Amino acid sequence: MAFPEPKPRGPELPQKRLKTLDCGQGAVRAVRFNVDGNYCLTCGSDKTLKLWNPLRGTLLRTYSGHGYEVLDAAGSFDNSSLCSGGGDKAVVLWDVASGQVVRKFRGHAGKVNTVQFNEEATVILSGSIDSSVRCWDCRSRRPEPVQTLDEARDGVSSVKVSDHEVLAGSVDGRVRRYDLRMGQLFSDYVGSPITCICFSRDGQCTLVSSLDSTLRLLDKDTGELLGEYTGHKNREYKLDCCLSERDTHVVSCSEDGRVFFWDLVEGSLALALPVGPGVVQSLAYHPAEPCLLTATGGSVQCWREEAYEAEGGAG
């Protein structure tokens, strides 16, 4: 007879604080890993964008060119470009190595909450409080967007992109999924203003956080509600949520200074990680390892699993 396989060890959650980066850029509005998780970007209320090695705690470059606070940023698949958006209504394309502005796209009528590259980094997608998602061609000189998605009835808070889909979350309480291959729009009504959305790593589900202090896991294709996660506080601010590197846990910022981890399948709370006294505004999860970045006030914290040893002994 065949014996059952030994149960694999549960995934380790990042709960050991390795480093705190004092970013020196006012309030940190967002923190984002680059594509391979070796570097991170911080978006400041002082109009700057900064590139760091978070495990070492070293600042690599500062990017200046926005006229108002920077609210979101993303790196390209090959690490050569960055895009950012902010309170000046502009979407900026940067050259990573030189720190120079390559292009500045103007057309949004309100602040830009969220930016993403497509997979080839040929297009930047930006979502704004003006209720639109705009698609900007990085290679052409045309000043206007190549496409505008304006179905939202209120501000667009969060945009994510897969190889042929655009996911947009809006303050109107709807998640809209645009299938670019089929030219179709699918819409799921959550009811409460949406603050953040993301795809699961396997691409089958969408995670939605909203201002009723609830996260919902939806089947991407049918919109069926697969799970609800509560316990954190999210009533006022646009807070980040994500899935852990192996889709085992749902992770969310909270307005009470903690980050919450729930077991994806069971829905039970696995960890409430105390980060600081104020709102945890933003978080980023490493693409392949149990490593978490959190942003609260003017600093960013880097967390690893308990067993992690920094290279060369003590961090």
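Placed from the backbone N, Cα and C atoms, the Cβ positions cover glycine too.
Remember, TrEMBL labels are computer predictions, not curated facts.
Residues 68-79, 82, 84, 86, 94, 96, 99, 240, 281-289, 291, 293-302, 310, 315 of the same chain sit 6 or more residues outside the repeat 'WD' (21-62) yet have a Cβ under 8 Å from a Cβ within it. The repeat 'WD' annotation in TrEMBL covers 21-62 (among others).
Residue counts for the repeat 'WD' (63-104) under DSSP (helix as H, G, I; strand as E, B; rest coil) come to 0 helix, 24 strand, 18 coil. Per TrEMBL, repeat 'WD' is recorded for 63-104 (among others).
According to TrEMBL, the repeat 'WD' annotation covers 105-146 (among others). Residues of the same chain lying 6 or more positions beyond the ends of the repeat 'WD' (105-146) and with a Cβ under 8 Å from any Cβ of it are 68, 71-78, 80-81, 83-93, 152-163, 166, 168, 170-172, 238.
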Distal contacts, the repeat 'WD' (63-104) - CB-CB under 8 A, six or more residues away: 26-27, 29-30, 32, 34-36, 39, 41, 43-51, 110-117, 119-121, 124, 126, 128, 134, 136, 138
Tally of residues which DSSP labels helix, strand or coil - the repeat 'WD' (105-146): 0 helix, 19 strand, 23 coil
Summary of DSSP states over the repeat 'WD' (21-62), given as helix, strand and coil counts: 0 helix, 24 strand, 18 coil
